[in-house]
Every structure is written in C-alpha cells, then in structure tokens.
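Per TrEMBL, these features apply:
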BINDING   11, 33, 36  Zn(2+) 1 binding site
DOMAIN    78-115  domain 'TFIIS-type'
BINDING   82, 85, 107, 110  Zn(2+) 2 binding site
Ligand SMILES: [Zn+2]
Ligand SMILES: [Zn+2]
C-alpha cells in the first residue's frame with residue numbers, strides 16, 4: 001500500500017479533486033470543487049503551509065480590494081515604477097482612510113501594492 005498523497009482532497013458530492021484557494025474575506029485557506037459548489041475549509045495545520053505558498057505578500061492584505069489588475073474599469077498608469085519589481089505599469093485607485101484620501105498603486109506584473117498620500 002502506498003501512502004495516500006498528503007493534501008489531496010476529493011469532493012464528497014461529485015468526487016472531483018478539490019483545489020485550494022485563499023478566501024480573502026475570511027483570510028483562510030479553503031478547498032473548492034470546480035464541478036459543483038462544494039467548499040471545505042482547510043484544517044488549521046494546513047493553513048499556514050498553503051497560505052504561505054499562495055500568498056507571498058500576506059502583509060499587503062490589509063486593503064480589502066481584490067484582483068484590481070483584472071478590473072478593466074480601473075485606470076492604469078505607466079508613470080510609476082513598482083518598488084518591488086521595477087515594472088512600470090500599475091493600476092491605481094483611491095480610497096478614503098483616516099489620513100484622508102489615499103492613492104494606491106497595484107503593480108500589473110507582481111501584484112505588489114503600495115500607496116501615496118494625495
Ligand atoms: Zn463536486
Ligand atoms: Zn511589481
């Protein structure tokens with residue numbers, strides 16, 4: 001008998017392989033089925049391992065805005081340089097905070113997010 005592959009999970013409804021994804025709202029790892037709506041939260045022990053793999057920049061998660069580079073309605077600029085990868089195209093958007101309006105840039109290449117005060 002070979003050892004069962006660690007981490008592989010299957011949907012109890014449709015028997016398909018479950019895929020890991022990060023639930024950004026709940027800030028946890030979960031597994032979902034691509035063929036039905038089944039979702040299963042990862043066990044606490046697994047969370048650190050997989051979240052580290054999925055998200056190298058967990059510290060950037062303070063702003064709750066997702067997938068901004070995939071949003072075609074947001075403006076883009078080539079006037080900035082990403083402080084992380086030196087790429088020169090970023091999506092930008094503003095959000096109000098306690099300090100007033102804050103301008104955020106989100107690198108198109110590495111997804112790094114940084115901000116400027118307006
Ligand atoms: Zn399923
Ligand atoms: Zn970058």
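Note: Cβ is positioned from N, Cα and C throughout, glycine not excepted.
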Inquiry  = Can you give me the Cα-Cα distance between residue 82 (Zn(2+) 2 binding site) and residue 11 (Zn(2+) 1 binding site) in Å, rounded to a whole number?
reply    = 40
Ask   = Which of 33, 36 (the binding-site residues) has the most other Cβ atoms within 10 Å?
value = 33
Query = Among the binding-site residues listed here, 11, 110, whose Cβ has the fewest other Cβ atoms inside 10 Å?
reply = 110
Note = argmin Cα dist to residue 11 (Zn(2+) 1 binding site) over the binding-site residues 85, 107, 110 returns 110
Ask   = Which of the listed binding-site residues (82, 85, 107) has the least company, meaning the fewest other Cβ atoms within 10 Å of its Cβ?
value = 85
Rounded Cα separation (Å) that holds between residue 33 (Zn(2+) 1 binding site) and residue 110 (Zn(2+) 2 binding site) = 27
Ask   = So which of the binding-site residues 85, 107, 110 sit close to ligand 1, that is, with a CB under 6 Å from an atom of it?
value = none
Key: Nearest recorded site to residue 36 (Zn(2+) 1 binding site) by CA-CA distance, among binding-site residues 85, 107, 110   = 110
Request  = List those of the binding-site residues 33, 36, 82, 85, 107, 110 whose Cβ lies under 6 Å from any atom of ligand 2, in sequence order, or write none if there are none.
outcome  = 82, 85, 107, 110
Task = Give the sequence-ordered set of same-chain residues, not counting 82, 85, 107, 110, with Cβ within 8 Å of the centre of the Cβ atoms defining the Zn(2+) 2 site.
result = 83, 84, 86, 87, 90, 108, 109, 111, 112
